[in-house]
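J.: Among the features that Swiss-Prot reports, domain 'CARD 1' is placed at 26-122, with the record citing sequence analysis. Here Swiss-Prot flags 241-274 as region 'Required for CARD9 binding'. The domain 'NACHT' annotation in Swiss-Prot covers 293-618 and rests on sequence analysis. According to Swiss-Prot, the S-palmitoyl cysteine annotation covers Cys395, Cys1033. If you look up Swiss-Prot, you'll see 791-812 marked as repeat 'LRR 1'. The repeat 'LRR 2' annotation in Swiss-Prot covers 816-839. Taken from Swiss-Prot, the feature repeat 'LRR 3' applies to 844-865. Feature annotation from Swiss-Prot assigns repeat 'LRR 4' to 872-884. For 900-920, the entry in Swiss-Prot reads repeat 'LRR 5'. Positions annotated as repeat 'LRR 6' by Swiss-Prot: 928-949. Per Swiss-Prot, the feature repeat 'LRR 7' maps to 956-976. The repeat 'LRR 8' annotation in Swiss-Prot covers 984-1005. According to Swiss-Prot, the feature repeat 'LRR 9' maps to 1012-1032.
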Amino acid sequence: MGEEGGSVSHDEEERASVLLGHSLGCEMCSQEAFQAQRSQLVELLVSGSLEGFESVLDWLLSWEVLSWEDYEGFHLLGQPLSHLARRLLDTVWNKGTWACQKLIAAAQEAQADSQSPKLHGCWDPHSLHPARDLQSHRPAIVRRLHNHVENMLDLAWERGFVSQYECDEIRLPIFTPSQRARRLLDLATVKANGLAAFLLQHVQELPVPLALPLEAATCKKYMAKLRTTVSAQSRFLSTYDGAETLCLEDIYTENVLEVWADVGMAGPPQKSPATLGLEELFSTPGHLNDDADTVLVVGEAGSGKSTLLQRLHLLWAAGRDFQEFLFVFPFSCRQLQCMAKPLSVRTLLFEHCCWPDVGQEDIFQLLLDHPDRVLLTFDGFDEFKFRFTDRERHCSPTDPTSVQTLLFNLLQGNLLKNARKVVTSRPAAVSAFLRKYIRTEFNLKGFSEQGIELYLRKRHREPGVADRLIRLLQATSALHGLCHLPVFSWMVSKCHQELLLQEGGSPKTTTDMYLLILQHFLLHATPPDSASQGLGPSLLRGRLPTLLHLGRLALWGLGMCCYVFSAQQLQAAQVSPDDISLGFLVRAKGVVPGSTAPLEFLHITFQCFFAAFYLALSADVPPALLRHLFNCGRPGNSPMARLLPTMCIQGSEGKDSSVAALLQKAEPHNLQITAAFLAGLLSREHWGLLAECQTSEKALLRRQACARWCLARSLRKHFHSIPPAAPGEAKSVHAMPGFIWLIRSLYEMQEERLARKAARGLNVGHLKLTFCSVGPAECAALAFVLQHLRRPVALQLDYNSVGDIGVEQLLPCLGVCKALYLRDNNISDRGICKLIECALHCEQLQKLALFNNKLTDGCAHSMAKLLACRQNFLALRLGNNYITAAGAQVLAQGLRGNTSLQFLGFWGNRVGDEGAQALAEALGDHQSLRWLSLVGNNIGSVGAQALALMLAKNVMLEELCLEENHLQDEGVCSLAEGLKKNSSLKILKLSNNCITYLGAEALLQALERNDTILEVWLRGNTFSLEEVDKLGCRDTRLLL
């Protein structure tokens, strides 16, 4: 049934106190009041853990509210706690008001007992009815037995009251001490051999528990040590290069953190996800699985996932947040996978995180007893070489098993159930299997524009430096686009002198940026008198052996899914102390205690960069092998290849240690990053640099030709896999993330000829790239290719991270877009105004979908200008933004001069009556608009009157959506008058508008004179069941 947790958090205690302090807790609690508070009661019963729920059952059983048969019905293994809580409420409600009152009292007793346990009454140890007394004093007996079940079982077995099998069943490691005590009492209830009398007598002799274990000195000492340990690990932010140590408090900058929304769920349109604070990680509603314990944070490489966890650890250790957890255990997945020996939960927590100096048994039991006060964090799940599976079940917290089985069962809740777990990962590593066990999923999207600026100001407090850097970024959109990932912002900060002094162009591609940081490190490792200006061939050639050693190590690590390197592995790769001193290898974070300090690359992207460098320049790499990198005939994708024996770097002479084998075994998302870097290194831009370092220019030319051929072939294969269009329809394709990386590789190579060739093969009418982690850098790559399309395309980029900077990157391809969908992309007025400024000159662009962004009245003038100037524009969807009456009035001016618009979406804004009036006046004589949505805009009867006048005049509008307003009967009566004179409207949606039978009657009278209208939606209004039946019979066009 899982581990218990007798304590609840401060927030939960407060909520419970508020609920129990209301009328439900008094003697006058009625069944109606009980039912009205059902959702709050369910939340209360499941807010702590299974221990709190079972404590409530103890009290109800002792008061005979529940019969023995009722009680047994709540002990079905594997049932979610929320299901059990609802079943308990149903059972109690059916028993009447007295039972409802008793459940409230039981919840009060259980809450009080969790905070300050006390002995409730006493009993006669020589009772004539021992089984009945065991039941009536059950809560106190469970508390007495808590730490003495083992001894009591041994004694009962010696006396012959229980069998060895029964002892083993009660001792199963999945049960906590309290659960074992309850199962012993349950056994005594059904056995008629004297066990009940034996327990009643001997439990009386046990010592009374004086205090919660949480208050014990041993526990407090361990908690203090754990806080100190976590604080020491998280107080300072080691920069990627390890060259400087910054106080995390001084440098930490909030990232854009959003909760993942299931767009497939039914219900009203959702607003764009709000940017959350870290402190909301465990309190956000909208759970994927209410019974799961694991919180997932996904983000691209370099988006700041590790730093976010470090911030969480620091806030907890400093006592500033997350204080509902008494124990926080941080782990790194790249460190965990290095553990070859089997280990248990106890070994993991104590030997690989924080060792208790005294009382190890008591402290571990405490963790098992109170899992809801425990938080475990696992950073970098994408770097864990074992793929998640739920096939191997492991439920014992003391029995050792493999590290992957241990981790997977922790995430599923088979171990330390009710303990919170936080996992960070790149999106590609999260499978559908894992998502089944996720409570809440968050997207970490990197820095906002304000975040980039704030970070640079925190890094550079010298007068003027930050201002100059920010101006440089704002003037260089490609570089600005890269910086939304914190790792690039760090690079810009690190190389600020080089960037500000550069006379040529600023870095444009990812490869440019990494070569700049390489130059920075090489210059700082070179004596001042011999250092040249910039990354010249002589500088690179002088350290080429070092770079190749690092590249060989990086490539081997990718092939082996190894990201932390021991001294032996460094030696086998011929990495010398001089190579290490260059600064790209740093001491691994979260080093396993007792081991020698291993090293790791500054960041996973640096490991990929050096692997690409090795592939570009090493004489050991035949050019033909590059096909494995660009997905051209990769046998390593087959299941058989994945089962090949793992190799070791020491056996480099073996067949499996070849470059091909390494590329076949590497994780796909790491190969994609490496491929993009290799394409950039082999570009014409960097040809001269590499040619000076290559003994054979012919070999470099062959590599370059091979990379071009592989890229072109992979794109051709991707395009040929697109199924043909249905007759009469445009060809549509939903591109996958792999396609994005091929486009990014093409962009890194910066060859217009290849881009034009790729565009010729993309013969589609609708290109869909939703949920593909498209940020500003990907937008630049897409525009680089799509601008060469011969036919216009509808480009759909919903649910990505485009932002204002990404919009700017898309402008070069706007001329070939016939429609652009940018739903849920954190775009503000600034980005849209730039987009529209360009769209004024793009005759192909006829549709814009911008709902679920951050648009306000500030963009209304640009929108109005677009409508007034572009007389072939067809659709403008602005739903779920922040536009008010003022913005609607400005937009109405543009509508008056427009003769082409067919679809106008305004749902979920704040236009109110004044905005509705302005739009209605502009649309009265409009000759093309067919669909208008003003759902959820706070429109009342005044706005409805204006819309009714519009309906009386308009002869084109076919659908009007007015749900979720407050039109009421007065507004509906006005609309009914307008319908009497209208001859075009086919669908009128009026759901959820506080309409009564009076308003419906007015609509029926209008429908008698209107044969055009096909549907009137009236769901969610204030009709009785009789009125619904009556109205439906009178006219079937009323949808009730």
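Cβ coordinates come from backbone N, Cα and C, glycine included.
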J.: Out of Cys395, Cys1033, which of the recorded sites has the smallest number of neighbouring Cβ atoms within 10 Å?
T.: Cys1033
J.: May I ask for the distance between Cys1033 (S-palmitoyl cysteine) and Cys395 (S-palmitoyl cysteine), taken between their Cα atoms and rounded to an integer number of Å?
T.: 60
J.: How about long-range neighbours of the repeat 'LRR 3' (844-865): same chain, 6 or more residues beyond its ends, C-beta under 8 Å?
T.: 269-272, 792, 794, 798, 814-829, 832-833, 836-837, 872-884, 886-888, 890-895, 903, 905, 907-908
J.: Sort Cys1033 (S-palmitoyl cysteine) into helix, strand or coil using the DSSP assignment.
T.: helix
